Amino acid sequence: MRQNDNEKQICPIPGPQGLPFLGNILDIDLDNGTMSTLKIAKTYYPIFKFTFAGETSIVINSVALLSELCDETRFHKHVSFGLELLRSGTHDGLFTAYDHEKNWGLAHRLLVPAFGPLRIREMFPQMHDIAQQLCLKWQRYGPRRPLNLVDDFTRTTLDTIALCAMGYRFNSFYSEGDFHPFIKSMVRFLKEAETQATLPSFISNLRVRAKRRTQLDIDLMRTVCREIVTERRQTNLDHKNDLLDTMLTSRDSLSGDALSDESIIDNILTFLVAGHETTSGLLSFAVYYLLTTPDAMAKAAHEVDDVVGDQELTIEHLSMLKYLNAILRETLRLMPTAPGFSVTPYKPEIIGGKYEVKPGDSLDVFLAAVHRDPAVYGSDADEFRPERMFDEHFQKLPANSWKPFGNGKRSCIGRAFAWQEALMILALILQSFSLDLVDRGYTLKLKESLTIKPDNLWAYATPRPGRNVLHARLALQTNSTHPEGLMSLKHETVESQPATILYGSNTGTCEALAHRLAIEMSSKGRFVCKVQPMDEIEHRRLPRGQPVIIVTGSYDGRPPENARHFVKWLQSLEGNDLEGIQYAVFGCGLPGHHDWSTTFYKIPTLIDTIMAEHGGARLAPRGSADTAEDDPFVELESWSERRVWPGLEAAFDLVRHNSSDGTGKSTRITIRSPYTLRAAHETAVVHQVRVLTSAETTKKVHVELALPDTINYRPGDHLAILPLNSRQSVQRVLSLFQIGSDTILYITSSSATSLPTDTPISAHDLLSGYVELNQVATPTSLRSLAAKATDEKTAEYLEALATDRYTTEVRGNHLSLLDILESYSVPSIEIQHYIQMLPPLRPRQYTISSSPRLNRGQASLTVSVMERADIGGPRNCAGVASNYLASCTPGSILRVSLRHANPDFRLPDESCSHPIIMVAAGSGIAPFRAFVQERSVRQKEGIILPPAFLFFGCRRADLDDLYREELDAFEEQGVVTLFRAFSRAQSESHGCKYVQDLLWMERVRVKTLWGQDAKVFVCGSVRMNEGVKAIISKIVSPTPTEELARRYIAETFI
């Protein structure tokens, strides 16, 4: 049973005694509020209460209490008095909105993907542009000119966020001696908000002149924001694909709404203020600490010299700057530039076991004190020591002990942007200059508004020998006119015909197929393809007068997550609502489900049938691919060639182009940011990778991840991992085409492509992260190679591989285009032809093997590492994602997204008394480890558990009996009953070789649970599932097929 909160002893919250009317205003030094509050916090650890300006604040000073407040099921953001004053300028923008406000949810869903890791990475050139302007100014001023560091960092960070997010240039470094009017108004606005927050309301109301000045400042800032919007609309830069473009053009996939003009202004102002103010403070404090800690400055400069040297700083260098990364972390620990955040409980709560708080109470997290909690950071918590923030130490810190970017869904969405910007600027400064304080006796004093910065911090910047920034920049400009090292992929455009390609996809396969089809349609015909999820169709209006192609999967008879509303709409149609719609449907079947006749291909079949019944005209019969047995790219290509194109030619009077490179001319394709594969993924950090198996068997690894606050999963859910191709595969391509890894590719395309366009990208990055290098070559790509072959014998052989010998030699040996090009030289094939023939890199899905309630904010994966192909080939055909995960080390960054489980593949809720039977082999144990962990948590909460059996198959106890000790402990606690089958040690499992043998041996107990309405969950290979299903059907006979389908739920993999 759960403990009764009423039994806890309630204690008053301590704090300094205030004065009537004035409260605690005399306890705070208003000129040094942060540091004087820190003294109070050390006296009243871990919590205190005081009254300021008529507002009572409960201040949190410890990591333990903060951890409670970070539970978003108990607490939510409180818009404190200071933020309430900011609302006069930003209204319900992302930072100042209340949780319940509609515009916050709308803006958050639209804009979070715009700050995804790949989008941030692509902003590096613009960041570098502004940072070089800072360095050029310092170089021109010379070593004897005092520099106001805070002012210059303010110019840098404002110009950076404006250029990267909105394509707007403030040109702050070209307005000599003065700030842009926006900055002046912003500084006054923030300072006034801080001032009003310290004054009783009756005094604040008398400050008429100050209020008038504030309104003028708000008007000026919002006018600047309107000018930014107007300029974008007038220039019609619809290919910018930046934050402003997202705000102006995107619609929310959940509600269908777009941001209003006023909401756009609110959020532009929010980003311009919050997007530069705290980052300029971070840089200022970081440089201050380096200037006053010579040992740290020397180490930092040494690291930059080792990693970057005299090269131009690139995005690849940043991940290698471990010490600089630690410097920034340690700086924000000691001086969090956004000093805190506030929450309030949903209902009365007891925190710390004895302090009562109520809804409406302002619980203010004082980060400067929390980050110095001696219980976490020790006796030297007040000292600047970057070494404590190296990855290996940082990852071992207790949860919620470092929170400079806030918490949960209300945390800063621009964190990755700010981090990349600050790291790059700091590295560029240390590469180019030696710094020294103007006043070597300088004592830190804070300049406080609603953020904090050093006050009156001046330094000299002496250019380092051989590091002339001006000469380097001129050299870059000169070199940019030469073609060497710059490869541009440009294509012609032709008179076009629109086409719409819709997809439904949980795992990314159908999305990748949709993009591949778009490329093909733009090459063979004259189509301009719009690719989007089915649920993205506005008002469910399918376009007429153009082909509509639908590519979708079916998940146990249910539509994919991004197709549910579309399917529901289809089912509501009446009469000939779809008359004039010309369509075709391609369906993917999940492995292991083809024998459920009622669900296999159910959704594609349903869509195809309903559209025909309501007046739609089929362009082609429905196509399909069983992903357990077929290569979906090959099947899609075959269906397109044999079925779709004849239908398109007849319906749209087309003449097909015979493209020699397999892709031909390109057409522009606009992919909305929430659905591009990379924008849809977030950043997770690897905590641990450990091998679970003996060296004598297939390797399986346990990967522990720290998840972003935005990912909240349940047992049974999956993580989609966007991998990188191996270095070996990338190097094979580079060697084949004789180009360097740092060769810059500039892809200009006005057509369907999943590649990054209109931005420089290195050959290494493109090949690593955007295309499938090991995908089996398709017949079309082989015919394209044959057409380009200059040798007749090679051409004939390639043509044979595309036809008669395809199944046995290409598909049978898993030959990729790379394998074939290495074996059969086709000199006329260039890198752009090759890249265009490759499908986009798609995410791989893994079931989470942990319960979120056991370790909040963390998840684990159990991965079977495919180290070689099951069948022979000319090369080691290692699994891309599994080897990528196995090669990770603590601190590695992964791109992940949450994929919800089949609603039936869920652990029954706490109120359910039905037993469960779990059956797994190998890494298929992943979801059941999560189930068992969740059951253990419930048991500790006093919940009576229904019976649970886990049947697990592996080779031998000493080889691959995964999580043995952990599961045995759970069995001893009564959480689960275990049954193991050892295929190579049958004597140790009662003569049973496989799990189906074990099930049959225990058939009496299994049937008993079945009679209690048990559900059977299975996870493993297709073959294992087939054997288990046959045995279960035999044990529970004569159960009706429909009931068996309802109570037998399987997840299978190939």
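Here the Cβ of each residue, glycine as well, is placed from N, Cα and C on the backbone.
Pulled from Swiss-Prot, these are the features on record:
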BINDING   CYS412  heme binding site
BINDING   505-509, 585-620  FMN binding site
DOMAIN    499-644  domain 'Flavodoxin-like'
DOMAIN    678-908  domain 'FAD-binding FR-type'
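DSSP assignment over the domain 'Flavodoxin-like' (499-644) gives 58 helix, 36 strand, 52 coil. Model confidence over the domain 'Flavodoxin-like' (499-644) is summarised by a mean pLDDT of 83. Between PRO604 (FMN binding site) and CYS412 (heme binding site), the C-alpha separation comes to 40 Å.
It is ILE610, among the binding-site residues SER505, ILE610, GLY616, whose Cβ has the fewest other Cβ atoms within 10 Å in the structure shown. The number of other Cβ atoms within 10 Å of the Cβ belonging to PRO604 (FMN binding site), over all protein chains shown, comes to 25. The most densely surrounded of the binding-site residues CYS412, PHE586, judged by C-beta neighbours within 10 angstroms, is PHE586. If you measure from the Cα atom of GLY616 (FMN binding site) to that of CYS412 (heme binding site), you get 47 Å. In the three-state DSSP scheme, the residue listed as 'heme binding site' is classed as coil.
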